[in-house]
Amino acid sequence: MSSDLVWQVIRKNNAFKRRQRGIQKHFSVEKFNLRAVHSQRHSGLASRKALDVQPSSDGKSILLSVKQPKNRFRPRISTKTVSLKKKQMKSISNAAKSLGLGKSARTAQRRAAALLRSQRPRVSKKKTDA
């Protein structure tokens, strides 16, 4: 199916759509949606080619998931996930370029940077009594 047809089917109702009171914009919690915005451009369900960045369980690296268009009818093997420990930004930009996702590369890098920042241990200042 084309991505336009898939979007027409899922745009009104799906399990990943979230609404908040007082905010006109709708949000989405689906995989491969880097901006968490409910729109056709950012939808991970409707797009054939996509990438996703998530924190790893060990808290020291990030996971890069890539949606493979050639296996889209085989859900089990349609995604590849790789753990990135070094040179994360370069790896993300290379993956985006190989898929032809130039616009998503910068968004994925920003999300990865935020995840890496959150994984850093916080330095607490020692209080001195004066």
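Glycine residues also receive a Cβ, built from the backbone N, Cα and C atoms like all the rest.
Heads up, TrEMBL stuff is auto-annotated, nobody curated it.
For the compositional bias 'Low complexity' (104-118), the DSSP counts in helix, strand and coil order read 15 helix, 0 strand, 0 coil. Per TrEMBL, compositional bias 'Low complexity' is recorded for 104-118.
The annotation compositional bias 'Basic residues' is assigned in TrEMBL to 119-130. Cβ atoms under 8 Å from those of the compositional bias 'Basic residues' (119-130) belong to residues 55, 59-60 of the same chain, restricted to positions at least 6 beyond its ends.
Marked as domain 'Ribosomal eL28/Mak16' by TrEMBL: 5-118. Here the domain 'Ribosomal eL28/Mak16' (5-118) has a mean pLDDT of 88 out of 100.
The region 'Disordered' annotation in TrEMBL covers 95-130.
Using a Cβ-Cβ cut-off under 8 Å and counting only residues 6 or more beyond its ends in the same chain, the compositional bias 'Low complexity' (104-118) has close neighbours at 34-35, 50-55, 62, 84, 88-89, 92-93, 96-97.
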